[in-house]
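S.K.: Here you go, one structure.
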Amino acid sequence: MGNRDLEREGGTKSRNGTYPPPTANYVENSGLQWTSWLVPMIVVTNVAMFIVIMFVNNCPSNINNFGRGRQCVARFLGKLSFQPLQDNPLFEPSSSTLEKLGALEWDKVVNEHQGWRLFTCIWLHAGVVHLLANMLSLVFIGIRLEQQFGFFRVGIIYLLSGIGGIVLSCLFIQHSISVGAFGALFGLLVAMLSELLTNWTIYTNKAAALFTLIIIIAINLAVGLLPHVDNYAHIGGFMSGFLLGFVLLLRPQFGWLERQHLPAEARLKSKFKVYQYVLLLIASILLIVGFTVGLVMLFRGVKANEHCSWCRYLSCLRTSRWRCENN
């Protein structure tokens, strides 16, 4: 996304015939722009959690288990040093440490009834590279959304999209652990798309914004076809965030905020348009049904990949250059 505001690329218009740049002027007209504190707090929490993970990992204490020639990376950090690069190039803790601190693992969720892992795994990261990629994406996407819609709605989208991605991932992948907030981040990104669609009539240059968002989302889904990338989490976050955007990111139709300055016969009678209410209702039903069915299937131990032979191609596209171990 970078620092571009997709919805500000357009003309201006006011009451005498031109619309304002959609997002910025809408907030200006309402007299309210939220201060972003939740997204920075999430970043700080994730960084702090990663430091705790590395402290618990304590690479130097396991040096005798690495085998000949293997050493901790950045040994000057002491207990915070990283696992040998031969194990993983992401500057990461061990898999056993992640599992101990709450990584997602199908067997523990289903057979040992540790449902809390659906929440905790969102706050864990597989290494410094993984952490930086997630947090930079969160800053670029999340701060703008929080300024426009407030911490409560953005927080709900982040958490529910993260859990939605994890649930779908757990239904299809049973033989490896999973950590990270890619589902939550993808949910925020896709919520921008549904926000644009449900508030379509108040925006200008919306075709360009729609095209740009679709390209960015498509690229992220395509990256998920590479091995070792959990595209099920992307897809689960996509579906959750897309529906949540229709429920939580509605804007009043143009002219609603200025209605008190208009004569009674010229005032709008409804805050939202009919199609916005219809989309909200459909999205709410799909969310409730989707989360209910997904969680019931998960805790009943259903292995979705046994009932959908072609679904494996959604997460990893097998080629002559790489193998898809989880598929």
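Note that Cβ sites are derived from N, Cα and C of the backbone, with glycine treated the same way.
Please treat TrEMBL annotations as automatic predictions, because they have not gone through curation.
A quick note: this is a predicted structure, and the numbers were derived from the prediction, not measured.
Heads up, here are the entries from TrEMBL:
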type	residues	note
COMPBIAS	1-12	compositional bias 'Basic and acidic residues'
REGION	1-22	region 'Disordered'
TRANSMEM	37-56	transmembrane segment
DOMAIN	113-249	domain 'Peptidase S54 rhomboid'
TRANSMEM	122-143	transmembrane segment
TRANSMEM	155-174	transmembrane segment
TRANSMEM	180-200	transmembrane segment
TRANSMEM	207-226	transmembrane segment
TRANSMEM	232-250	transmembrane segment
TRANSMEM	277-299	transmembrane segment
S.K.: Thinking of Cβ pairs under 8 Å, which stretch from 122-143, 155-174, 180-200, 277-299 has the most of them with the transmembrane segment (232-250)?
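M.R.: Comparing 122-143, 155-174, 180-200, 277-299: 180-200 has the most Cβ pairs near the transmembrane segment (232-250).
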S.K.: Using a Cβ-Cβ cut-off of under 8 Å, list the residues of the same chain that are 6+ residues beyond the ends of the transmembrane segment (277-299) and lie near it.
M.R.: 109-110, 113, 115, 160, 164, 167-168, 170-171, 194, 197-198, 239-240, 243-247, 250
